[in-house]
């Protein structure tokens, strides 16, 4: 008889108890804080690397600017995931990640919408704070609050596919690593590397966002909402497809936690798949 696939009913975290409504609210607030810090940092990085500055003047090549942006943004993301707030909330910072963890059965359905709402509000706050600090240099071209647009000649369909595939790869690999305790602690570094690569390789093509929240904040603050629907929807589609494929191809190994830090909330190591 073929082995039955694991239940798709959303649970909490197989490594802990189901969170209470108060805990969900608190964790969502942490996601909002983390997402705001991330976007504040990203806009600040872009302001100095791509905006009017001695650094930007010294690096005229756009691909090198994108690489430097990724090399700075990736470690920032890793630090936020591994931070104490990140370990408590899970450090998703991305609606596509929260959706994937729900579909993988380690994240409560009741937590998904509060998390997504928090992850969307946080970037608006972070971008607004960066604009207040750095002034017109952030809001004016070429930065426009770091709001992304696809490269010349790219259609909405091409952008949709690029965003969906890039997020699908991230979700699949992160979920795969989380299934094995020895690999789980590497997930923050994996995510940081993949985001850095997406920025460097896809920045001039599709923008390399890979995060609906990461585009929502800049778009709302700048009013530059062209293609926003694709940046919001494509990562969610890619995430859902990747989670479904992961559930089907690796059903013997359950994902033990939704936390991208790859540990329990207190930082202790996962003891085994399915725990």
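Even glycines carry a Cβ here, placed using N, Cα and C.
Just so you know, TrEMBL annotations are computer predictions that nobody has curated.
Pulled from TrEMBL:
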{"type": "REGION", "residues": "1-20", "note": "region 'Disordered'"}
{"type": "TRANSMEM", "residues": "32-50", "note": "transmembrane segment"}
{"type": "TRANSMEM", "residues": "62-81", "note": "transmembrane segment"}
{"type": "TRANSMEM", "residues": "112-134", "note": "transmembrane segment"}
{"type": "TRANSMEM", "residues": "154-174", "note": "transmembrane segment"}
{"type": "TRANSMEM", "residues": "186-206", "note": "transmembrane segment"}
{"type": "TRANSMEM", "residues": "226-246", "note": "transmembrane segment"}
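Taking pairs at least six residues apart, the transmembrane segment (154-174) and the transmembrane segment (186-206) share three or more Cβ pairs below 8 Å and count as touching. Contact between the transmembrane segment (62-81) and the transmembrane segment (226-246) is absent: fewer than three CB pairs lie under 8 Å, with pairs separated by 6 or more positions in sequence.
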